[in-house]
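Undergrad: Reproduced below are the annotations present in TrEMBL:
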{"type": "REPEAT", "residues": "11-104", "note": "repeat 'Solcar'"}
{"type": "REPEAT", "residues": "114-200", "note": "repeat 'Solcar'"}
{"type": "REPEAT", "residues": "212-307", "note": "repeat 'Solcar'"}
{"type": "TRANSMEM", "residues": "290-311", "note": "transmembrane segment"}
Amino acid sequence: MVGYDPEAKCVSTAEAAAAGSASGLVTRVLVSPLDVLKIRFQLQIEQLSSRNPAAKYHGILQAVQRIFQEEGLTAFWKGHVPAQFLSIGFGAVQFMAFESLTELVHNVTSFNARDSFVHLVCGGLAACTATVAVQPVDTLRTRFAAQGEPKIYPNLRHAVVTMYQTEGPQTFYRGLTPTLVAIFPYAGLQFFFYNILQQFSKWVIPAEGKNGGNVKNLVCGSCAGVISKTLTYPLDVVKKRLQVGGFEHARVAFGQVRTYGGLLDCMRQIMREEGPGGFFKGLSPSLLKAAFSTGLIFFWYELFCGLLCALKSPESSRKKEG
């Protein structure tokens with residue numbers, strides 16, 4: 001269902017956008033706590049270890065307990081409004097672009113739209129398109145998730161106005177370069193491995209055992225998310241560090257803060273002060289999030305597309321007429 005299929009085309013570009021939006025919305029509600037944990041870990045300069053007394057967060061369970069005690073349950077959904085805008089917008093643009101690109105490749109070139117390599121390239125390009133469209137919202141989401149108590153930004157409108165007036169419009173695109181560099185292989189590999197795993201499952205699972213298609217989509221999506229996230233994670237850390245540039249005053253309660261001059265300077269400082277392990281801070285909650293979010297994204301997208309196809313089927317039309 002994901003990507004253009006000349007033999008089973010039943011979802012239009014607009015319907016793909018609607019299904020992508022819906023899948024992003026539902027998934028975001030479920031994985032927001034893991035996203036907050038990941039961002040907190042990524043932004044911490046100190047080593048993530050109980051042996052370091054200056055470190056605010058040591059591990060997942062300790063971080064969950066500390067955030068809950070200090071900021072309450074709602075802290076795990078900090079930045080949820082801009083995050084929902086991000087998920088809905090990203091899901092719509094990404095899947096709409098992906099469906100259109102795979103169809104274009106199939107009609108204009110000699111490549112088959114169902115090839116894994118086509119999904120790799122088209123998935124990366126679709127994600128880049130969606131990233132440019134929603135990057136300002138991603139920056140807002142990161143700042144809301146990163147701030148402690150008392151809050152610097154009480155609401156979304158205040159954040160937009162304050163950032164624009166004090167830092168200029170370019171601040172909404174902080175971290176765009178590493179984001180684009182990271183998102184192309186990450187999203188491309190997601191679609192690539194999802195396609196491969198789907199094909200592999202058809203070969204492994206006998207015909208009589210293929211009724212659990214939704215579970216299969218969830219498992220294939222989760223595995224694809226874990227693999228692609230592990231391979232591209234360092235650039236995600238760099239992106240998050242750059243996105244909170246100029247926001248250092250809100251980070252003092254969490255430990256040390258740093259100012260970075262750009263992508264390369266950020267990478268040099270992380271390597272010099274934190275070592276190679278600094279590029280993988282927050283990997284555990286990030287992999288959990290990748291497994292859940294990618295699996296759920298593909299699960300809900302396939303489910304919503306299936307529902308749209310069912311509504312358009314002749315049987316459904318006859319029932320309505322009857």
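In case you wondered, yes, glycine gets a Cβ from its N, Cα and C as well.
Unlike curated records, TrEMBL annotations are generated automatically.
The shown structure was predicted, so the numbers you read here are calculated from the model rather than taken from an experiment.
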Undergrad: Which residue counts does DSSP give the repeat 'Solcar' (11-104) for helix, strand and coil?
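TA: Once the DSSP states are binned, the repeat 'Solcar' (11-104) shows 73 helix, 0 strand, 21 coil.
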Undergrad: Across the repeat 'Solcar' (212-307), what does the mean pLDDT come to, as a whole number?
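TA: Reported value for the repeat 'Solcar' (212-307) is a mean pLDDT of 84.
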